[in-house]
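Listed in TrEMBL:
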REGION    1-35  region 'Disordered'
TRANSMEM  112-132  transmembrane segment
DOMAIN    114-525  domain 'Amino acid transporter transmembrane'
TRANSMEM  138-158  transmembrane segment
TRANSMEM  191-211  transmembrane segment
TRANSMEM  259-275  transmembrane segment
TRANSMEM  282-306  transmembrane segment
TRANSMEM  326-348  transmembrane segment
TRANSMEM  360-383  transmembrane segment
TRANSMEM  406-426  transmembrane segment
TRANSMEM  446-467  transmembrane segment
TRANSMEM  473-497  transmembrane segment
TRANSMEM  509-528  transmembrane segment
Amino acid sequence: MEEDNKPLLDSVRRGSYTDKGSTDSLDRGARRPFHVEHRNIVENDPSERVSAEASVLSSRVHYYSRLTAASDRLLSPPDHVIPCPEELYVYSPLGMAFKVTGGDGGAKNPSIVTIFAIWNTMMGTSILSIPWGIKQAGFTLGIILLISMGLLTLYCCLRVLKSPKSIPYIDTSDWEFPDVCKYYFGKFGQWSSLVFSMVSLIGAMVVYWVLMSNFLFNTGKFIYMICPFPDTGDHKGNCSSGISDTAVFDRWWSKTNTIPFYLIILLLPLLNFRSASFFARFTFLGTISVVYLIILVTLKAIRLGFHLEFHWLESTQFYVPEFRLLFPQLTGVLTLAFFIHNCIITLMKSNKHQENNVRDLSVAYLLVGLTYLYVGVLIFAAFPSPPLSKDCIEPNFLDNFPSSDVLVFVARTCLLFQMTTVYPLLGYLVRVQMMSQVFGKHYPSFFHVFTLNIFIVGTGVCMAKYYPNIGSIIRYSGATCGLALVFVFPSLVHMISQKRRGELSWPSAIFHSLLIVLGVANVAGQFFM
């Protein structure tokens, strides 16, 4: 019996086999048909339960598997033996062969859909702070940094996308980047990638809470302003009543003192839902909101015109210099604005033509960069200076428009509803990643989930009340999570992979080490600039 279980060929020559054609076939053969002899093991049924074609296919793969041990790739089945995705069968213990349908082959998207899915995912709250970031860096330097950060984050994102394929002899088809970090750095890589991913997600949820408080406040104020006081016929009494009513309204409808607490009533129950599938139906609102923002910015720029003067190093009464020492604040914002590295592998798996992944990701980054550039440049250039100084541009550029502006009111209302539906999705991602790592379950108990949600909501309320500056929140969280997931881990993984293959060169080592230094400098600049 032991002799029957031994492979027909010894595996001692495994290390000397370097034929690239065979190793390339491992990716296609990652999911190999599971062989069960075509016989009925439940009852004596003489009828054949498996087609002749499926039986021959199974016998071929079974033959190759008997040549060497299961862990040996010396004689892996060649490409012409492995079936195409539409020819895959699953063999049940009952001897039945089921054709695989509705799997990956039916869920692929064309390139245009993949590109706009990435664009829609990256278009977040950072777009509201891009004009402020350009003001902090200076107009000319801001444009240079936006283009440069887009190229650097694109390169690092490509390194993340290709990282699973650099691991030999292991099926990495369902791996995410934290799995790659665990492979190279052990538990430290797994947990550190989780922590920095939490920083990006919770940071985004804090920004959402601050913005929702802002939008809800301005929406209520707009409604209050267009509703006149009832005419009682007593002019003096009516004025007195108006002053009293305004004081009461300001007391109970405060952007920092009351609105952040009102949101708890709405959002805390939504965070405790077991599934977030209902809220996922409203993700299309993000695209609508961004398109409306682009239209709004265009209309405002046409109405206000351009107000630009170039002063390279010195500021004036109404204009900021083209180069400012506060530029790290923009790089921190841009790190989060271009951040998609923790989910890019999942997004690109649905691409129909995997050979076009690099091109499609590059086109998506180009569209994102052009969108940021368009909004940032137009808002900065159209900001009326004089009479106002460019230094008055707010971290949320919508705050530069009055609450009575109808077009801006529509934008705030759309963004408020969109963020109300996206916020539970972000909370669901935080819960799934954290609870699955700590407890091994996505929903260990209501108490665990409720405690986590109280912490997240409490953080958002505190920031909305005491530090409602979304520009600073975005830049701190962006630089922190980007240090690990954008600059350090992708660069280290790539260098280690090259080192193990004997392909690491000095230019590559210097370039990727410089990326790590830039990531560290980006974080340090948030505290010292």
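Keep in mind that glycine also has a Cβ here, set from the backbone N, Cα and C atoms.
TrEMBL annotations: computationally assigned, not manually curated.
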Requested in this report: Taking the transmembrane segment (446-467) as the first stretch and the transmembrane segment (259-275) as the second, find out whether 3 or more Cβ pairs fall under 8 Å, excluding pairs closer than 6 in sequence.
Outcome: yes
Query raised in the report: Do the transmembrane segment (112-132) and the transmembrane segment (259-275) share at least 3 Cβ pairs closer than 8 Å, excluding pairs fewer than 6 residues apart in sequence?
Result: no
Query raised in the report: Relative to the transmembrane segment (360-383), which of 138-158, 326-348, 406-426, 509-528 accounts for the most Cβ pairs at distances under 8 Å?
Result: 138-158
**Report entry** Same-chain residues near the transmembrane segment (191-211), Cβ under 8 Å, at least 6 residues beyond its ends
**Finding:** 124-125, 128, 177-178, 181-182, 185, 260, 263, 336, 339, 342, 396, 415, 419, 422-423, 426-427, 429-430, 433-434, 437, 456-457, 459-461, 463-464, 468, 470, 473-474, 476-478, 480-481, 483-485, 489
Query raised in the report: Under 8 Å, at least three CB pairs between the transmembrane segment (326-348) and the transmembrane segment (259-275) (pairs 6 or more apart)?
Result: no
Query raised in the report: Is the transmembrane segment (259-275) in contact with the transmembrane segment (282-306), using three or more Cβ pairs under 8 angstroms as the rule and ignoring pairs under 6 apart in sequence?
Result: no
Query raised in the report: Looking at 138-158, 259-275, 473-497, which one has the highest count of Cβ pairs under 8 angstroms to the transmembrane segment (406-426)?
Result: 259-275
Requested in this report: Please give the sequence-distant neighbours of the transmembrane segment (138-158): residues at least 6 beyond its ends with Cβ less than 8 Å from one of its Cβ atoms.
Outcome: 130, 308, 310, 312, 320-324, 327, 330-331, 334-335, 338-341, 344, 358, 361-362, 365, 368-369, 372-373, 376-377, 380-381, 482, 486-487, 490-491, 515, 518
